[in-house]
Amino acid sequence: MAPGGAKKNILERLDAGEVVLGDGGYVFELEKRGYVKAGPWTPEAASEHPEAVRQLHREFLRAGADILQTFTFYASDDKLENRGNVQSFTGKQINEAACDLAREVADEGDALVAGGVSQTPSYLSCKSEAEVKAIFMKQIEVYVQRKVDFLIAEYFEHVEEAEWAVQVLKTTGKPVAVTLCIGPEGDLNGVSPGDCAVRLVQAGADIVGVNCHFDPVTAVKTVKMMMEGVGKAGLKAHYMVQPLAYHTPDCNCQGFIDLPEFPFALEPRVLTRWDMQKYARDAYDSGIRYIGGCCGFQPYHTRALAEELAAERGFLPAASEKHGSWGSGLEMHTKPWVRARARRDYWEKLPPASGRPHCASMSTPAGWGVTKGDAQLMQKKESTTQDELKVLFGKTVTNQ
């Protein structure tokens, strides 16, 4: 807390060198819990089932998250109405409900609320800069009214659209973070991570980084490339990373959405809590101070980040009351061979087995090479037809 009991804002925390922990993957987790539909991935649960969103916020807060993002991923009207997706709520109603839920829970601790916007179907369909910016402006009007603490433009595959988002978000006067869902190859037009970061800082971003699409190893590597680019340009910024909770060494530039397992068979790739501790240490040692997660992240993953960086943060999260450091709680187990696992040396060196005798260690990504401007990416309000699906099914077989 700042003097007088007020919460320090995001830039005050980062300027002071504090470690800031983000929360995790709401869309994927709520899909597993039965509140989000895979495909549209839209966040109407904030209005339909607020108790589910509220509970997940509380779990991430208890696990050590300093930031609660509003559950507003893909909550622009053009996405809510895309490809036959029928909505009972407007984007404004969903965003208002999401802001209220995040604020309610954040104020139960010292957490900040971040309002988010993400890439739009309109951009992929080659709508104009003015049309795309109008979508972002409509969303941030709610965030300003609901007094979120800062803004995040997240999940952008093209740096151009991310620049447009940053320019709109900067008009609020609030701190702005921006994350691209890219790897070391850069955005889908081939702009390098370093050049992407420079352009985003020049657009006004206070915090730059990556989220989603790739695992922690790849994500941290990509942010380090951003840091190098910004430094060479003589600019300054803070850095953040919010990767997947899935191992993705076999991904191409499109990330995990190109994997054949996406989205319903990714569980064999989930990182363990010990993998997460390594990620937290690697990110910290790389100079990144805003460390969080995206799809696949559950509260116990966030707790692992908090436990690994407890010395740097000066405290453990409430959820650690039920978790012994490096498995020390196993000392109380009834079976002696399990008690023997109550040590860091065991878990840090364990190579987990998949239990799947004929499962390959890696997959071949789809690799369609489709991005903005391709006819197949032109979005529409009408449902996808069976004839259109037959064409896609045939192409999928060809690419296997």
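Note that Cβ sites are derived from N, Cα and C of the backbone, with glycine treated the same way.
The annotation Zn(2+) binding site is assigned in TrEMBL to Cys212, Cys294, Cys295. Long-range Cβ neighbours of Cys212 (Zn(2+) binding site) (same chain, at least 6 residues apart, Cβ-Cβ under 8 Å): Glu154, Tyr155, Thr179, Cys181, Gln242, Pro243, Leu244, Gly255, Cys294, Cys295.
Marked as domain 'Hcy-binding' by TrEMBL: 8-309.
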Local Cβ density at Cys295 (Zn(2+) binding site) - other Cβ atoms counted within 10 Å
29
Tell me the Cβ neighbour count for Cys294 (Zn(2+) binding site), meaning other Cβ atoms within 10 Å of its Cβ, over all protein chains shown.
30
